[in-house]
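Notes to accompany the following structure.
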Amino acid sequence: MDSADPNEPTFPCPICDRRFIKSSLEKHESACRKLASLHRKPFDSGKQRASGSDLTYADIKKVQHEKNKNGGVFPRPQTNWRERHGNFIDAVSSSKRVDYALKTGAPLPPPPKTAVPSDYVQCEYCSRNFNAAAAERHIPFCREQATRKQGGNLKSSGGNRALTGNYRSTPSKNEGKKQESSSRNGSAERKPTTRGRDGSLLRARRDDSNDITSRRKSLDTRTSLTTGQASNRHTSLSAGMRPTLPPMTPSSKRSSSAKRDAPLQQSSTPQQRLKTPASTTTTASRSGSRTSSRACPRDDSRDSRLSQAKNNSRNNSRSRIF
């Protein structure tokens with residue numbers, strides 16, 4: 001195969017403007033004319049990227065439409081890179097000064113001032129700084145809160161209409177605490193509380209004189225009603241009521257050995273007590289203590305039954321001993 005001459009001249013194609021040597025130009029011209037007559041669809045790279053991913057073809061077309069609207073180039077956000085770089089250098093230098101002071105024992109330098117970015121917007125109500133997007137959301141909300149605290153007319157964020165009339169302003173934290181303290185002072189005094197052994201709160205009972213008198217009156221009315229209804233029966237030993245004992249006198253004492261029908265023993269004078277032996281005084285004192293428990297009036301049948309039961313118990317104990 002003969003090698004082509006590198007110095008051979010080239011000629012341009014009238015269809016695609018590419019250059020060929022004379023022998024190749026004849027072959028290319030016929031093929032290039034056929035390709036030019038065919039209408040090929042343009043290749044869509046967005047559809048190829050959307051296949052096999054979470055993105056949809058509609059999203060890609062939307063982005064391409066926005067790009068074409070802006071002249072084929074997306075607008076880049078303006079960044080204050082020079083200002084940020086200066087803040088970064090200041091922070092590094094301040095940290096180095098702190099490390100040097102800790103190593104040498106020198107006084108610590110003052111902390112660096114927090115620099116606010118120049119593109120931030122300051123809120124006129126709370127004096128805080130936000131970026132442009134956050135300031136659009138925050139400033140209307142902060143304005144509404146400030147008007148509520150001041151108690152003035154509240155303007156809605158959607159228009160210039162003021163909400164007046166039945167609008168009730170919400171109190172702030174300090175105002176709410178003052179209202180609670182005033183309501184507590186105006187109300188009745190709370191009873192003091194104490195803690196029990198288990199740590200639980202126990203409220204101390206404080207009975208007023210009026211409560212005590214009212215309770216006593218209620219008790220008196222109850223006793224009068226019960227005594228009036230059951231006046232015909234003997235209620236001295238009934239359930240829930242104490243027996244009314246007669247006043248004890250020296251002449252009412254009865255010895256245990258004396259019979260029921262026998263007259264009561266006369267009380268001895270101090271001179272008679274000196275003359276009597278000690279045995280008689282001890283027996284008399286014992287008999288007096290026994291009879292004092294029998295001073296209340298009882299039925300004879302009940303007393304006879306009790307004495308018979310005592311005698312039976314004594315006989316049983318003696319038979320067991322012997």
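Cβ from N, Cα, C; glycine included.
Database features (Swiss-Prot):
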type     : residues               : note
ZN_FING  : 9-38                   : zinc finger
BINDING  : C13, C16, H28, C32     : Zn(2+) 1 binding site
ZN_FING  : 119-148                : zinc finger
BINDING  : C123, C126, H138, C142 : Zn(2+) 2 binding site
REGION   : 150-322                : region 'Disordered'
COMPBIAS : 150-159                : compositional bias 'Polar residues'
COMPBIAS : 174-220                : compositional bias 'Basic and acidic residues'
COMPBIAS : 221-238                : compositional bias 'Polar residues'
COMPBIAS : 264-274                : compositional bias 'Polar residues'
COMPBIAS : 276-295                : compositional bias 'Low complexity'
COMPBIAS : 296-305                : compositional bias 'Basic and acidic residues'
COMPBIAS : 311-322                : compositional bias 'Low complexity'
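Annotated features taken from Swiss-Prot, shown on the structure.
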| residue | record | CB count, 10 Å |
| --- | --- | --- |
| C13 | Zn(2+) 1 binding site | 15 |
| C16 | Zn(2+) 1 binding site | 13 |
| H28 | Zn(2+) 1 binding site | 15 |
| C32 | Zn(2+) 1 binding site | 17 |
| C123 | Zn(2+) 2 binding site | 17 |
| C126 | Zn(2+) 2 binding site | 13 |
| H138 | Zn(2+) 2 binding site | 16 |
| C142 | Zn(2+) 2 binding site | 17 |
Which of the binding-site residues C123, C126, H138, C142 has its Cα closest in space to the Cα of C32 (Zn(2+) 1 binding site)?
H138
Using C-alpha atoms, which one of the binding-site residues C126, H138, C142 comes nearest to C16 (Zn(2+) 1 binding site)?
H138
For C13 (Zn(2+) 1 binding site), which of the binding-site residues C123, C126, H138, C142 has the nearest Cα in space?
H138
Setting C13, C16, H28, C32 aside, what same-chain residues sit with their Cβ within 8 Å of the center of the Cβ atoms that define the Zn(2+) 1 site, listed in sequence order?
P14, I15, D17, R18, F20, L25, E29, A31, R33
Find the shortest Cα-Cα separation between H28 (Zn(2+) 1 binding site) and the binding-site residues C123, C126, H138, and name the residue that gives it.
H138
Can you break down the zinc finger (119-148) into helix, strand and coil residue counts using DSSP?
17 helix, 4 strand, 9 coil
Near-site residues: Zn(2+) 2, ref C123, C126, H138, C142, CB cutoff 8 A to centroid:
E124, Y125, R128, F130, A135, I139, F141, R143
According to DSSP, folded down to helix, strand and coil, what is C13 (Zn(2+) 1 binding site)?
coil
